[in-house]
Amino acid sequence: MATLPNQTKENPAFWVKLQLEQCYQSSLGKHQERIKPTAAREGSTSPLARAMDLKVLCALSITLIVALSTLAEGIAPPTKCQCKVVPRERTNCGYPGISAAECKKIGCCFNASVPSVPWCYNPKPKKVKKVCPNDPYTRINCGYPGIKPRECTRKGCCFRAHPAGVPWCFYHRVVEEAC
């Protein structure tokens, strides 16, 4: 059977569809007896509903697999700011002889300019701060109409009583601080 160019395992949409179909077929085969209506199950769930339950279970399984594989593909590399660690304070993050590319791929910093200290080392944690957004149209509501400024700030939110038509009590945004 000839396959069309987009019907390959390299095409993620086709691959997921193929996996769903295989999952459904194997589940249907395993549970064929439970899906067939019997005299004892006349009042229970219909065969179609049970088959749909299997499809939903397969779809959720494939979604979980795809999501987890996406997470496992790589960690975001640390920023230059995070890698500014005094050489004597570096903590080893890799193994002896690790390459710069492999080190960065696992989410670590690499700097081979200083001898006798780890070259592949753990980054500093990101420094973040809460800020109240300046653009009133990007505000995410944190209160309710008529909330008082004091009650809003007690909830840990921002309060600005202008302009009309946007939330006055709204959530902070978390932004990364500069080095």
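Placement of Cβ uses the backbone N, Cα and C atoms for every residue, glycine included.
Here the candidates are Cys109, Cys120, Cys132, and TrEMBL names Cys132 as the disulfide partner of Cys158.
When you check TrEMBL, the disulphide partner of Cys120 from the set Cys103, Cys109 turns out to be Cys103. Disulfide annotation in TrEMBL: Cys152 is bonded to Cys169, selected among Cys142, Cys169.
Between Cys108 and the candidates Cys83, Cys93, TrEMBL records the disulphide bond with Cys93. Per TrEMBL, the residue from Cys142, Cys179 that shares a disulphide bond with Cys157 is Cys142. Set side by side, the disulfide-bonded residues Cys93, Cys103, Cys132, Cys142 differ in how many other CB atoms lie within 10 angstroms of their CB, and the most is found at Cys103.
Cys158 (disulfide bond) has its Cα within 10 Å of the Cα of these disulfide-bonded residues: Cys142, Cys152, Cys169, taken from Cys108, Cys120, Cys142, Cys152, Cys169. Mean pLDDT across the domain 'P-type' (79-124) comes to 93 in this model.
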